Amino acid sequence: LLAPTLTVTPDRHAFTGETVRLVCLTEYYSGWTYWFKADTYLYVSQMPDHYTVNGNILTIRRATVSDAGQYQCRGYVDGTIFQYGGSYSPQSNSVSLIVKDLKPKPELTSDLAGAALTGNTVTLTCRMDLSTGWDFYWYKHTLNSETKTETNSYTVKIDSVSDGGQFWCRAGRGKPVYYTQYSDALWVNVTVSPKAVVTVRPDERVFRGETVTLRCDVKWEGNTEWTYRWEIEETSNWNRNTVDRCTKECSNSRTNNQKHRNSVSWCSTQEWNISSVKDFNSGNYTCTGQKNTQCSQCSDAVTLTVSAEAQAAVRVSPQPWLTEGDSVTLICEVTGSSTGWTFSWFRDDDHLSDSSRGAGGSYTLSPAALQHTGVYTCRAERGRPAFNTNNSSTQPLWITGVSPSVSLEVSPSRSQHFSSDSLSLSCEDQSNSAGWTVRRYTDRNTEDCSKQTGSTCRIVSLSTSDTGVYWCQSESGEKRHPLNITVHDGDVILVSSVDPVIEGDTLTLHCLHRSTNSPILRADFYKDGSLVQSQTTGEMSITSVSKSHEGFYYCKTERGQSLHSWISVRASYSGQISVFNILSFLLAACPYLLSTVVLLFKCYRARGQYIQQISQDAGVSG
């Protein structure tokens with residue numbers, strides 16, 4: 001026969017008051033089991049009252065220290081099994097039962113060194129001496145019942161400050177359950193979790209090739225060092241569940257590096273630099289801060305948009321045609337972006353060093369002078385290293401002198417011309433016209449007039465490509481008297497003066513037809529898109545013009561419509577000239593006035609001396 005196997009539950013290490021069961025397992029059991037303690041047979045009749053034998057099970061209820069010892073068993077097999085009669089099995093293995101007099105008390109610990117943050121979890125551990133078979137019971141002062149777990153750890157979800165407080169634990173095992181003492185109370189302090197904030201430099205809208213810096217900040221009082229976790233998700237997949245997942249990702253980062261479809265997340269530093277951004281860097285960025293096992297609230301999403309090449313654009317206010325002394329402002333803007341840019345300005349491709357004029361994207365000329373005439377472009381830059389936009393499109397600026405010493409004479413003398421007609425332009429200098437040439441600016445570039453003899457340019461057959469601004473330029477680069485010339489391939493043009501109209505004078509406009517080369521009698525005249533006059537005389541006149549009459553004019557007839565022409569009104573300077581002349585006269589006359597005063601004084605003094613001499617002579621005679 002094989003020896004029986006003796007087992008003990010719940011464990012051979014028992015505590016006073018606990019119930020212990022010894023089970024004797026034999027190969028052939030016929031109902032009799034014999035028990036031994038310290039090699040001494042235990043008679044059932046002599047067993048203590050708290051011992052109970054039920055078949056092959058010996059139960060010790062409310063164990064005491066005296067129950068400790070070495071236990072064995074053996075079974076009896078009667079003759080019905082073996083022909084040669086009944087037999088006893090060998091003795092079982094020896095089991096050492098240890099009964100401790102002190103009721104155990106577990107230790108309750110937390111995985112946190114400080115306060116818990118809302119939105120996180122806290123793991124509590126109920127620590128016991130080495131033994132088996134225990135279940136664990138968790139108690140909080142605000143709850144009426146205990147929570148049971150099979151392991152000695154318990155996770156508390158911290159949704160609000162009220163989820164903190166005092167916690168206890170104890171262990172229990174067996175049937176009936178034997179409970180340990182309660183642990184000492186453990187305080188779980190809870191603080192509202194701070195929210196992370198994402199900032200982007202230079203802007204949330206950037207362009208390919210720029211350097212972008214994303215920064216994650218957690219406002220927290222104290223010296224806690226945070227680590228940071230970033231997440232980017234494609235814009236098309238963004239939804240309101242992302243914040244929940246962001247918090248979940250922070251928790252997962254303690255154990256794994258879980259990835260999501262269409263999103264990328266990883267632990268990183270506080271500042272995340274992306275050099276030379278590409279289209280695929282577009283997306284919604286969030287971050288969380290993590291200290292130990294606790295995470296901050298997930299930041300709000302910041303959408304980073306990467307656009308195509310950055311393009312600067314320039315515009316002018318109030319308009320590009322000026323008289324010297326006027327004020328004008330050029331505005332440079334970056335299409336689709338307005339943050340963090342500084343601007344550079346160029347005139348005729350030369351960099352303008354007076355950057356103070358260009359502060360904030362505006363370049364102001366006040367007062368405008370003749371030398372400011374030219375073609376302007378701008379460029380913007382931002383960031384480190386510097387990122388530059390493409391240069392803007394060109395913006396011409398034309399300043400006309402009050403009394404130009406050099407004038408550009410146009411024949412026929414009008415601003416609009418028919419295609420295929422001829423045109424003559426000549427620079428006239430009051431002193432000497434030599435050294436001046438006619439130059440022009442068209443949509444293509446800045447160039448000399450194509451057919452030029454001396455200071456005169458002749459175009460035999462005009463085309464629309466000849467539309468542009470023409471001016472006189474000296475050998476030293478001075479620009480004088482710019483005029484706008486428009487070539488129309490339609491049947492109707494507007495006849496107006498090529499020069500600005502003097503304030504107070506009369507403005508006269510004609511509507512001319514190509515075939516007759518004479519004014520059309522019935523015509524409608526428009527200013528800035530609004531009808532001004534309907535005439536049957538073929539011309540429109542405005543007497544005593546003022547600055548309010550400046551604008552774009554055109555005419556319309558049943559035969560067609562002209563192009564638009566800018567009519568500029570120049571202030572009259574006669575009053576200022578008169579004052580200047582008077583002052584000049586007085587300054588010039590001062591020497592003569594002074595001489596006269598001296599002469600009169602001498603005459604008066606001589607007269608006084610003469611009268612005094614006469615009086616003295618009369619006294620002597622008397």
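Keep in mind that glycine also has a Cβ here, set from the backbone N, Cα and C atoms.
Predicted automatically and left uncurated, TrEMBL annotations should be read as such.
What TrEMBL records for this protein:
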DOMAIN    4-96  domain 'Ig-like'
DOMAIN    106-171  domain 'Ig-like'
DOMAIN    194-303  domain 'Ig-like'
DOMAIN    324-394  domain 'Ig-like'
DOMAIN    482-568  domain 'Ig-like'
TRANSMEM  579-601  transmembrane segment
Structural state census, the domain 'Ig-like' (106-171) (DSSP three-state): 3 helix, 36 strand, 27 coil
With DSSP as the reference, give the number of residues of the domain 'Ig-like' (4-96) in helix, strand and coil. 6 helix, 44 strand, 43 coil
According to DSSP, how is the domain 'Ig-like' (324-394) divided among helix, strand and coil residues? 10 helix, 32 strand, 29 coil
